[in-house]
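The structure appears below as structure tokens.
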Amino acid sequence: MNPLMFTLLLLFGFLCIQIDGSRLRQEDFPPRIVEHPSDVIVSKGEPTTLNCKAEGRPTPTIEWYKDGERVETDKDDPRSHRMLLPSGSLFFLRIVHGRRSKPDEGSYVCVARNYLGEAVSRNASLEVALLRDDFRQNPTDVVVAAGEPAILECQPPRGHPEPTIYWKKDKVRIDDKEERISIRGGKLMISNTRKSDAGMYTCVGTNMVGERDSDPAELTVFERPTFLRRPINQVVLEEEAVEFRCQVQGDPQPTVRWKKDDADLPRGRYDIKDDYTLRIKKAMSTDEGTYVCIAENRVGKVEASATLTVRVRPVAPPQFVVRPRDQIVAQGRTVTFPCETKGNPQPAVFWQKEGSQNLLFPNQPQQPNSRCSVSPTGDLTITNIQRSDAGYYICQALTVAGSILAKAQLEVTDVLTDRPPPIILQGPINQTLAVDGTALLKCKATGEPLPVISWLKEGFTFLGRDPRATIQDQGTLQIKNLRISDTGTYTCVATSSSGETSWSAVLDVTESGATISKNYDMNDLPGPPSKPQVTDVSKNSVTLSWQPGTPGVLPASAYIIEAFSQSVSNSWQTVANHVKTTLYTVRGLRPNTIYLFMVRAINPQGLSDPSPMSDPVRTQDISPPAQGVDHRQVQKELGDVVVRLHNPVVLTPTTVQVTWTVDRQPQFIQGYRVMYRQTSGLQASTVWQNLDAKVPTERSAVLVNLKKGVTYEIKVRPYFNEFQGMDSESKTVRTTEEAPSAPPQSVTVLTVGSHNSTSISVSWDPPPADHQNGIIQEYKIWCLGNETRFHINKTVDAAIRSVVIGGLFPGIQYRVEVAASTSAGVGVKSEPQPIIIGGRNEVVITENNNSITEQITDVVKQPAFIAGIGGACWVILMGFSIWLYWRRKKRKGLSNYAVTFQRGDGGLMSNGSRPGLLNAGDPNYPWLADSWPATSLPVNNSNSGPNEIGNFGRGDVLPPVPGQGDKTATMLSDGAIYSSIDFTTKTTYNSSSQITQATPYATTQILHSNSIHELAVDLPDPQWKSSVQQKTDLMGFGYSLPDQNKGNNGGKGGKKKKTKNSSKAQKNNGSTWANVPLPPPPVQPLPGTELGHYAAEQENGYDSDSWCPPLPVQTYLHQGMEDELEEDEDRVPTPPVRGVASSPAISFGQQSTATLTPSPREEMQPMLQAHLDELTRAYQFDIAKQTWHIQSNTPPPQPPAPPLGYVSGALISDLETDVPDEDADDEEEPLEIPRPLRALDQTPGSSMDNLDSSVTGKAFSSSQRQRPTSPFSTDSNTSAAQNQSQRPRPTKKHKGGRMDPQPVLPHRREGMPDDLPPPPDPPPGQGLRQQIGLSQHSGNVENSTERKGSSLERQQAANLEDTKSSLDCPAKTVLEWQRQTQDWINSTERQEETRKAPHKQGVGSEESLVPYSKPSFPSPGGHSSSGTSSSKGSTGPRKADVLRGSHQRNANDLLDIGYVGSNSQGQFTE
């Protein structure tokens, strides 16, 4: 850019800036305060804000000043409690204020500044609010009268701002809007106070700091006395009574007093009642005047006056105010006869006894020997009444105007008869209590003599039977641990010789009641009323009056009146309830009857004690209406009548005839009253019942409806209307007894003792009293069983109410019955109580009304019945299981024998042109089974001779061996098998000391027969049992060959025993091994078979005739049918858990369950039958020379038996379903042998015959190579043993008592001489020579392990080719077969020489196991008796098994056989 242009641009910009700056400054203006701060009063410690807002341009800054000094804010000091807000306001976090330091209180201004100037706000003061605690003046209590004003003063505490005042009454704020209430300057003024204004008043001072309450002050509002009833002026006659009433009210209750003419009343002239009524009994002229009633309390006083005027009346004759009345008093008592009179002038009163001249005057001094006195009011009192005092007493009143008199009779009675029955002072009350609580039922009684307290429940005695119920002091009943059954009505009975009194209450026991009885305080109850006074008497009523007693917590609300009359009842009776007044007339009484009365008061807390008894009072009598007779005369004549009662006569148990005579028949007799009462029994009573004989001339009466067996007291009394004469003497009579008409009640049956007890307890209550019909003397108890021999009877005394019956039989149903017995006989029996003592001796009580169905149900529920049914079901189930097992075993035994029949032309009947197979569907052979069960080979731990080689049939029994005893061989086979024996590898070869047993290896059954032409099909034998024995002393050797020597390896602790068997040839079986036909030639030699195994050494003491039963033609199935049948690979056995013994059905040493099936090539060669016959004749000829010797230094342990139904046998579905065949091209794929797996729990013998070539043989012991496997190999580590994980088999126990331990280390085993010979080899070819060479090589197996291993690998492919080439040979001549057999025998002899070398005894230390290979189950289309068919996975083993059926190979043959495993299951690598 040009420098000139740049300079110009700079100048231009500078000018623009100057111009713009001048314009901005022109718009600025100085600050001005927009919002000024306001005065504020704030409490100490509270936050507040002084607002200040200013505007200006530029924006002004704001500062605050207090009292002229700048205020320090958080801008200056971050710790300051003052904050300058962005708006300019000053914010105080808290107001700081103290007595000495007041930094925040003062006058504040806000100053806003900018460059143009400053602005100052108005002053704002900040004051700190205060309120002290102490009131300057607290209100004081005030007492006012209602209607007067009340003033309460208060001065609040000091504070800033000055606190205001309001008032609270009873903690509620007073509304001063009410007209009567005003608050002025701290004064509360209430005009015209009311009673409702009374209460506690509090003065409250408040400001912004808070509130302060003064001390409370009480305002008491009293009421002045007021008159409810004022006295009134009265005018009365002289001698009349006068009353002035004065009723007042007030608060507090005013006191009332009377004055007369401003002076006190004269004493003795007036009475003042409780209601302040003034009463003057007899007014006199001197009583005239003004009477003033004065009522006064603390807030007032009132007066009311009335005037009394007394007028003198004229002279009046005397009159009775209160007349004396008749009285009946017992001897020794005191009696008073009232007599009140009036008249003008006042009459003089005196008393006189009728017939006596003595006069008794009021205020007369009492004579020393006199018991009579007269009160000033005219009442006569006689103390210590005697019988001589009886009679009439006359009260006379005498004046100048005349005289009057009144009579009253005094009757004196016997002391005992006069005494009233006992009085219950406090009786029980109704209660509701909880279960397990305690009940207290009070009953306090008094009387003369002192009564006895007893208790009844529902009318029956119960004390003594239940220890929970006891009577405490003063008769209180206590019941502990209450139960629901304790609910009922309880009656307290107070009894004495004078009678009895009862009181009842209800006790209700519930789950939710009170725990214990409530004890009432006697002070809460009202006091007893005063003694009732008789004010009026009529013929059927008496008027009583009394005074209330001392009130309790609450005054009495009502009264109860009780009465007693000896002629009516023997106990107190309630005659009036809920009486509200103290004056009451009792009505409904009998005429001319003496009564006693007493009164009780009631309030909500209960009943009071009774009042004192009233004086006896007799109701008025009734005069005959028309006769107008003199009562005195009637009473006198009746008193002279003497009635003589004769002895009553019992007519029936309920009727008695009463007769009497009268000495003189008086004029005034209307009839005779026969009186009787019960004196015995539970309900004995003192109440007399009456039967009136209304004909005066009648002298007899019949009492009916009497109780049976009860004693009655009878007397007769004459009567005339209401007048009654003297009673006759009493007579007693007892009605006749009868048997009780009702059974005992509440019969219960309980168990006694422990659960093993056979005793029961029976308890009961007596029959109802009305049905006892006499005195119960005893109770009879029957315990009746279902048979007479189980009956148990008992008899107990009448006082006993329970009994224990023992010796009952469990399971027997008893019926318990109880009956009461009197002298007349046994009464009604109770309802039977069925009981059963169960298995645990439990007593089962069934209701009598149960139906038969319910009773059956109860029996079915018994444990004994259930246990019996369960046991029976178990026995039936076990029987059925045994039968089913036997039947199944029998059917399997019949179905497992694969037998062929020889044709007439010497040929073989076959199924579908297949050699060795029968047509299962042929109707000519219905006994053949539909399917072949699973193969389970016998497992044994002993050695047996060759004479028992044929006993592998399912039902054949092994013949006994010398020294063996009763030991039976293990037989677990469910299918047919082949057998091959390897003798050259056994240590007992050429030895006559032991006998070997052949080992089965294939699936076609070899039948035991005594004749070459005999077909032996034996049923299963029960002695064919499992005897699996394992030895721990052989380095964990898993499986062994069958052993029949009882003592062999039978020791404990790993010790071995040798059993010496007789060297003499066994003669048990007449058939010889030479007679056993060989199977048809296999396609491929079996690995591990040597031709030398068939070399016979008869010179060593073996008798060939005792060997194995010959068969006409051996049934045999060829292998190599991969292209015809396919294996069902969905059925795969689960690999076993290591350390668990594998199934001998598959894993038995030198055995194989691989199915041998014919190949299509064999079916196409009809010459095979001829070859088979020729080979059989040659084989039998050569085998006759063999001698079997068994030596076994280390017999291997016996493996556990397999689970029943293992997959080695054919399933039914397998035999009924055809599966398409699968191509077997991968059979020829090379195998790689992996490195061995060490330290396995079990390494049983291989499925191959020669254990030297198996994983337990010598061939792999040094090189530690892993043996190949097949899905259907008997190798326990690859297929069969792994199945034990599904069904582990428990450890077997030897007969010696030792448990078989599970082997824990790998082991190996030599080939044993009891191995069965394999089938003959097919026609010779390249493969045959090669295999014989391998056989020769096996003699040096221990010194050339590496070379053997490599030989096996080299020969795999060659063996496959050899197998194919052997299948391509359609026909062989007889000479070729014979030459092959001769080579085979020579090789066997060479093998035996090699075995005798010292190194033959060497045994490797460990063994290997290949990983688990998925096996394949046989195709359903298979026809093998073992239940399997050929597949890819079983080709190798099946070919090896075929070689066993043709000839034995040398041990080296195994190493060079190319195919020993299944390529379809995986490759093996080294």
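Using N, Cα and C of the backbone, Cβ positions are placed for all residues, glycine too.
According to Swiss-Prot, of the candidate residues Asn786, Asn1069, the site noted as N-linked glycosylation site is Asn786.
Between Cys339 and the candidates Cys246, Cys293, Cys395, Swiss-Prot records the disulphide bond with Cys395.
Residues Ser1143, Ser1159 are shown; Swiss-Prot lists phosphoserine for one of them, Ser1159. Of all ranges given (509-539, 726-756, 1098-1128, 1129-1159), Swiss-Prot attaches the label region 'Disordered' to 1129-1159. Per Swiss-Prot, the residue from Cys110, Cys154 that shares a disulphide bond with Cys52 is Cys110. When Asn430, Asn1277 are looked up in Swiss-Prot, the one carrying the note N-linked glycosylation site is Asn430; the rest have no such note there, which does not rule it out for them.
Disulfide annotation in Swiss-Prot: Cys246 is bonded to Cys293, selected among Cys154, Cys293.
Cβ neighbour count within 10 Å across all protein chains ranks Asn123 highest among the glycosylation sites Asn123, Asn430, Asn786, Asn793. Cα of Asn123 (N-linked glycosylation site) to Cα of Asn430 (N-linked glycosylation site): a distance of 87 Å.
The two recorded residues Asn786 (N-linked glycosylation site) and Asn430 (N-linked glycosylation site) have their Cα atoms spaced 49 Å from each other. For Asn793 (N-linked glycosylation site) paired with Asn430 (N-linked glycosylation site), the C-alpha to C-alpha distance reads 44 Å. Counting Cβ pairs under 8 Å to the domain 'Fibronectin type-III 2' (641-739), the top-ranked stretch among 31-127, 133-220, 318-413, 422-508, 528-622 is 528-622.
Spatially, the domain 'Fibronectin type-III 1' (528-622) is adjacent to the domain 'Ig-like C2-type 4' (318-413); three or more Cβ-Cβ distances between them are under 8 Å for residues at least 6 apart in sequence. Sorting the domain 'Ig-like C2-type 1' (31-127) by DSSP state (H, G, I as helix; E, B as strand; all else coil) yields 0 helix, 48 strand, 49 coil.
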